[in-house]
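These come from TrEMBL:
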- 29-46: compositional bias 'Polar residues' (COMPBIAS)
- 53-204: domain 'Peptidase metallopeptidase' (DOMAIN)
- 24-54: region 'Disordered' (REGION)
- 263-291: region 'Disordered' (REGION)
Amino acid sequence: MTRLLVLSLVCCLLVAGCIGPVETRPSDPATTTRPTVSPTADSTPIATAAPPGVSPWGEEPVVVAVANSADPSRNVTPLVREATAYWEANAERYAGYPIDYRVVPDAEAPDLRVEFTETVPECGTVTDAVGCAPLITDARQIERPETIWIQGGLSDQSSVLVVTHELGHTLGLGHEDAPADVMAARSVIYTQPKPNATERAYPWADGEFTVYVDTANASDPARASEQVGHALDYYAEGAPGMPDNLTFRRVDDPEAAEIVVDFSDTSPCGPDDEAGSCVGTRGTDPDGDGAIERYERTRITLVNLDTDAVGWHVGYWLAYALGAEDDADKPAPFRDASYEERRSEWWR
């Protein structure tokens, strides 16, 4: 029986046949990691090179068809050719036998078919795979054409990595086999370029927000919480120029909140002795460009503010987090507001 091997998120429970890329992390330009797609002799384990063997595919070139139902306008054939060229140069060393491929995108009777798809079909016990292929160790397993499924929408570099990995399975290689750069059970996978959060009209996935308000360091906790409520209600009721149908639900656990408002005696974003406020945003960076594509969490920190000004500062940064980064795009109360206006009932 043919076993299916997959490339899926690292957060899945890794069982036999399950492989996962590192799930995309919150953007941090200082720690952005990229996959190594072209291993060198120096970086590849040598001790686990395979002993000589016989190819289950026979001696003739393996004909590889290519299809891209995920994005027919994108030519992925060169990516498949890059992956097959890798194994033509390295299969004898790692699989134990040489292999020749002939990539013919529209081949009528291929041995292998590489299908780029919007969603990789369920593969074994994994449902979030970015690649899936049969583990071929014996000619009797092969039912031509065998299909390799590849998640569409990945970057060129990641697509080559995934195709190369899955081709390795069709050569009999598992996740513990060399070369680790290609066959390891965890890899960083990136998508094609996507708009950054700052380039989107609305940078969140939806308009339903959970909010945690920490008033422990506020000078007047009850009134400070009330001020935050005015800001939330202002947007929930339909602030001019801002998205409609926003909802805000307070929660008791900061880890469960998408918006966190806290009070501090020291500033994380300026001189400690100055009153003011600042915002921090977190999100994912699926295309690996070092910038957040969508916000997943916002923290608004208020430092040494008069209680009457709390609502204005929260409202100002909510506008920023909702996509109005420029003051000119924010609702009127947050444009060139005076000292008195910031302490007024601006939400009315």
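The backbone N, Cα and C atoms fix where each Cβ goes, glycine too.
A TrEMBL annotation is a machine prediction, not a hand-curated record.
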Integer average pLDDT (0 to 100) for the domain 'Peptidase metallopeptidase' (53-204): 95
Helix, strand and coil totals (DSSP H, G, I; E, B; other) for the region 'Disordered' (263-291): 0 helix, 11 strand, 18 coil
